[in-house]
Number of protein chains: 2
Amino acid sequence: MMATKIAYGAVGKPPLVLVHGGAGDIPDSGVRNKLDGVRRAAVEGHRVMERTGCVLEAVVAAVTVMEDLEGFNAGRGSVLTLDEKVEMEAQIMEGGNLDAGCVTLLRNVKNPIVVARSVMEKTPHTFLGGEGAETFAKQTGAEFAGDDYFKTSAAVSALERFKAAKSKAPGVTEIGDTVGCVAVDFQGHTATATSTGGINGKYPGRIGDTPILGSGGYADDSLATVSTTGYGESIMRYNLAQRVLTGIAQGKSAQQASEESVRGMTDRVGNTAGVITLTPSGQVGVAFTSKRMAWAYVEGDTLNYGIEQGQHLTMDVAEFE
Amino acid sequence: MMATKIAYGAVGKPPLVLVHGGAGDIPDSGVRNKLDGVRRAAVEGHRVMERTGCVLEAVVAAVTVMEDLEGFNAGRGSVLTLDEKVEMEAQIMEGGNLDAGCVTLLRNVKNPIVVARSVMEKTPHTFLGGEGAETFAKQTGAEFAGDDYFKTSAAVSALERFKAAKSKAPGVTEIGDTVGCVAVDFQGHTATATSTGGINGKYPGRIGDTPILGSGGYADDSLATVSTTGYGESIMRYNLAQRVLTGIAQGKSAQQASEESVRGMTDRVGNTAGVITLTPSGQVGVAFTSKRMAWAYVEGDTLNYGIEQGQHLTMDVAEFE
């Protein structure tokens, strides 16, 4: 990992934009909705990638699509804290200069990923949280919404079920977790973006893995770009994104490094997670130890997607649109 | 790093407690004070280690000493935000189960490292920030202090100089940065603790590397325990602590991995940093790209310490006490 020379990927290979819609114990009734959302996000990310040629634009576009949909645990569909608030987090990173922007404990902002990008581009800092982050978001003209926008009936009833179950540990709910996107362009430049509402019934002030560079995501043009999802405490303690990069550095394929890393996390610190990975040369990795994780990407005219273990479905992009 | 079997260190080797007092452009006038503080912290950490046999007790004791001293940028001596507030951060991690506790945006708490430990031991979470973290700290009986305790004349004048200089980027001041401690016991169990006031003139809500697992510190009994200090944004973007662990995993010595990692960070993303590293078998690593970083540890009856590049001084522990 002590790269002294950055070896970029296969110049000229078509760009890729790979998204996930959260690892978790997604019930059968949620499958259709999740698949529809990740396909929509992948198609939009790919479209923006083709139009702008910019990996940052692509990952922000894809994540924004999912933040705006009620069915994902990020932005609008975020789960609630124990005191019934929405506290959101996000990170964005680009793999050339390792520039990054992260936000946490953000309330009432419609698109946390946009604020994360502003932190990267408009402040001397990498990570802002809480009131300071909100003040900054207002200064940059970020769009805000009232509590009624965020308190969806799904989030409210999920918290009610959590409280009724008297579970000791806040958990990833059937809503699923965290959305994310990784992208690579013609030149092998990489970026990653991840956004979440955290875990259902979390303590006020709880920070998860999503805004943590090396845990919730990481992008390095010399190795790979990664976005993770799942039980944040375990992901953070294991530095899941960095484990994938270490595997890549050891010569493993994107798929092998992704599989071994999520299994290694579950074995060492417990709970489940998922990762999506792209290398600068266009290798794709998709792996999760949870029951389900929706994912999708466009290659040529084909939309690739899946949500079950080992599943890889395809359809014409034109058919989806 | 995908350890399937944890290979513990040299059983029976005496425990080690290694501390740092922050990497930075420490002026000549600050050298004596810093050296006195880190030696005091190392001696206290070592004493607690011998009495309790517990690496967590040892790292908390050593960091608490420095949080209580005005001359370090952590706890009492923390630097100020642009709006003249103290917002502190800390992390603690133990290398067996990878259990960890992190806090950020914490105001008026005397010893953030104690709150970080409570997060680890008393919540289902790993990381708490802001008001939620303060509410939790109150519930656990953490000691609080008024603004007058924290607003030291050194911190106030440092912010005044920063504002007068009209610097574009908040910076590590002559106060120095972040305090930290790593420890290993007879059985090769490891722990790390790090605490900071952040960087002078930072935006309200700015979060640095200190509470970020894999950046501000990391402990893994299969590899090493690390605490970092320096320019937080660069440390976070580079995942500095994990780079040291990767070096160790590649067979490098603690010293070599530490040196290469800080140099690698400065080369790739700019700014300076320092690290202290201990392996389960008792290898010591101390490296920094800043002008100075005070460090100290006790071995047998000897107190080892230094603050300049390449400096390694010794004295009898009895002589210091």
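In case you wondered, yes, glycine gets a Cβ from its N, Cα and C as well.
Taken from TrEMBL, the feature active site, nucleophile applies to A:T178. Marked as substrate binding site by TrEMBL: A:R206, A:I207, A:G208, A:D209, A:T229, A:G230, A:Y231, A:G232.
This view paints the features noted in TrEMBL onto the structure.
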residue	record	contacts (Cβ under 8 Å, 6+ apart)
A:T178	active site, nucleophile	A:H20, A:G22, A:A23, A:N73, A:A74, A:T194, A:S195, A:T196, A:T210, A:G216, A:T228, A:T229, A:G230
A:I207	substrate binding site	A:E89, A:T104, A:L105, A:G129
A:G208	substrate binding site	A:E89, A:T196, A:G198, A:I199, A:K202, A:G216, A:G232, A:E233, A:I235, A:M236
A:D209	substrate binding site	A:S215, A:G216, A:T228, A:G232, A:E233, A:I235, A:M236, A:L240
On the three-state reduction of DSSP, what should I expect for A:I207 (substrate binding site)?
coil
Among the recorded positions A:T178, A:T229, A:G230, A:Y231, which sit with their Cβ under 8 Å from a Cβ of chain B?
none
Checking the spread of the substrate site as listed (A:R206, A:I207, A:G208, A:D209, A:T229, A:G230, A:Y231, A:G232): what is the longest Cα-Cα distance, in whole Å?
16
Using a 10 Å cut-off, grab the number of neighbouring Cβ atoms around the Cβ of A:T229 (substrate binding site), all chains included.
36
What three-state secondary structure does DSSP assign to the residue listed as 'active site, nucleophile'?
coil
For A:Y231 (substrate binding site), the three-state class that DSSP assigns
coil
